[in-house]
Amino acid sequence: MNVAPYKSSPGTPQFQGTQHIYQGGVSGYGGPMNNDPYYGQQQGKGPGEGLNPSKLMAQGMYNNSMGQPAQMVQSQGTPVNHHTQLQALQQQLQQIPGTPQQQPQNMQPIQGYSNMLSQGQPNQHQIQQQQILQQQEQQRQRLQQNISQMTQTGTPQRASINVDSSIMGSTHWQHQIKLEKVSQASNSPHFYARSAASASRSPLEAVNNNDPNGLQQGSTLIEITKSVLSSVIVEEELTTGNNEHRRPIPAQREIDEEEEDQKNRIRENNAQLWTGLDLSGQQLSFVSPRLFNLQFLRRLFLNGNMLTEVPREILNLKSLRVLDLSSNLLKSVPPEMGMLFNLKYLYLFDNELESLPWEFGNLESLQFLGIEGNPNIDQKIVATLAKKGTRGLIIHLRDDAPRLEPPEARKWIPIGGDGEPELKDSKPSTEIDLSQSGDSEFTLMSYNTLCQHYATAKMYKYTPSWALNWEYRRNKLTEEILGYKSQVICLQEVETMTYEDYWTPLMEKNGYKGVFYCKGRAKTMSEKNAKKVDGCATFFKVSSFKLVDKKLVNYSGVVMTEDKFKKTEDLFNRFANKDNVALILVLQHITTGSKVLVANTHLHWDPEYNDVKTMQVAVLLDELQRMVRKYSKSRDDLNKVPMVICGDFNSQTNSAVYELISQGSSKNHEDMTGRDYGKFTSEGFAHPFHLSSAYDCLGELPFTNFTPTFTEVIDYVWYSTQPLSVRGLLGEEDKKYTKKVIGFPTGDCPSDHIPLIARFEIKKQLAAGKKIRVDFGSGGYSRKT
């Protein structure tokens, strides 16, 4: 474990007991922990890469107005208790050369010098060295004697929580008691850094669960926590099995955190060589908010100090896996800690906490929360933790938390005739009736609704169970979709049965007709199971459009049946086994008579298969060419037919998919490196259309998909620029709201995606067609299951 301890450097005062404690800064020296526990060297130059805490301190983290030497704390009214005095003595002891764990390789013991002197007449320098060592030995012995006396008289223990006898013996609470004792033994200066250094020089010894203290050489609080949790996993698998309240990670799937960190850094090409910072046992009463600029930190140890508060800036450390704040003077912790969704181990032992923030319900990855030693903490929290464990407590805080204020309505942004957004005229979408548009205009929505079979408690652990309930989400989706009153609605991830039994009658009642096409896997299933397969659904307002034609595109089916697609190994092994689909409708605009092609698709999800997504788009564009030729007078008219392509493309703006659609071609893109799809990879992809993202004039939104681990733009509305122009767009989500949550869905936002809406105008030279009679009959739509 690469943990940065403190190391004195030129120009930096060295710790001498309680004389020079940097309460307003960082006492750490970053670097890889090789054989020397104090080895450190700055790596990298950019912000967030290779940052050196001691250099940060030298650059101004220590501020006289914010931090003072610890020896002044008592004079300012903060009592230095017995526990604090003992830690101060231990710290002074560690600063004396010759003390175990304190630079033994840099200084020979006194006996070594005695042997040297016995071999010959000592010179003046050797005599001075011997005197210095003798003085240090005497000082060390005095400190050890004082520590021994304080220990024998009994170090005051933190008061335990008064737990009801009915839950005192529960497995979860026994873990609290055991690990709290281990925590108390972990408060010596730089305990974790020293342990990591020691472990790097000698093989790790296994943790002995029979040890009554649960601690022996080579083991730390984190390692013992993993050990006790693994025992719970085995016990639960043998008895009740895992459920939502018992969701530990199986032991065989547990990945060493250091190995995981290393893999992540390699994948990110990150030069940061240390990701842990140990400030334990330093008597800090304050930490500078600048500490929380080290966003690469995965482990932060602030235990054994005198902190009375944690800066709200801690929310910046979203990479944290381990946070130890034990043995401080905390009466509360900031709600912002609930945004640290990657936390696995959070230790708050031996403080003065009275409650926990409701925002802790966001800690979806948390495996252990230590609260023993906080005697005034809410008994409901104690009872829940003792009965149901950490996961049960997190679920309680998640589901019972007060509702957030709903987000403000997204703004409707008009787009001028010059293609520029008229931001000054933007209004909340609730104040705009999108159904009222010009004779040559129409609005279109694209929305991934999150199929109920994918919205599981395991996948969306941060979403309250009541907000994840399908009936609740379905009602919110209905309210949202119908509320915008778009004339064309393209939905993805719609279950077959839900389309037939719910959406079709609902939309027909509101003046829409629809076409549906489910994913290819349904063909291989029984009728009952096929009803659970999701697909794409497109609805259109019958007062605005008439269905002229449709085409259902199964991507793998097309490439396997047409000779133009070379049957390569990649096509068989990577592409053909994906069952994604597209739905193409030809709609005739009632007032203008213009035929508009609307394509609705949902591409493959896996980022490891970006080549497959690119091929899927190539197939879709090829099918669109066929449809356009069918309704255009000549090849030169391909770009005169109004066309909109929308959906969930599962592709970011730097992808080959985005490049291909927006630029008309893609060749040698990294997404296709090492893949063989015949001429599509040798010659590149190309299409004849002039397409642009509807949001180009505004800039793509900050995100269209919002989860803790993935927040990106992957949904798009593309349009043909020659026959269509954009006249309005639905803006981004309320920033104040999104800062308070770690992802969607929530009680107010029913999907992990957000809807995109654009208003298009059919340009005048194409809007001279003859008006047609509106067809309100039962024909004109299809339910393809």
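Just so you know, glycine gets a Cβ as well, placed from its N, Cα and C.
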### Query
According to TrEMBL, which listed range is region 'Disordered': 193-216, 385-408, 673-696, 721-744?
193-216
### Query
In the compositional bias 'Basic and acidic residues' (421-430), how many residues does DSSP assign to helix, to strand and to coil?
5 helix, 3 strand, 2 coil
### Query
Taking the domain 'Disease resistance R13L4/SHOC-2-like LRR' (290-385) alone, what is its mean pLDDT?
97
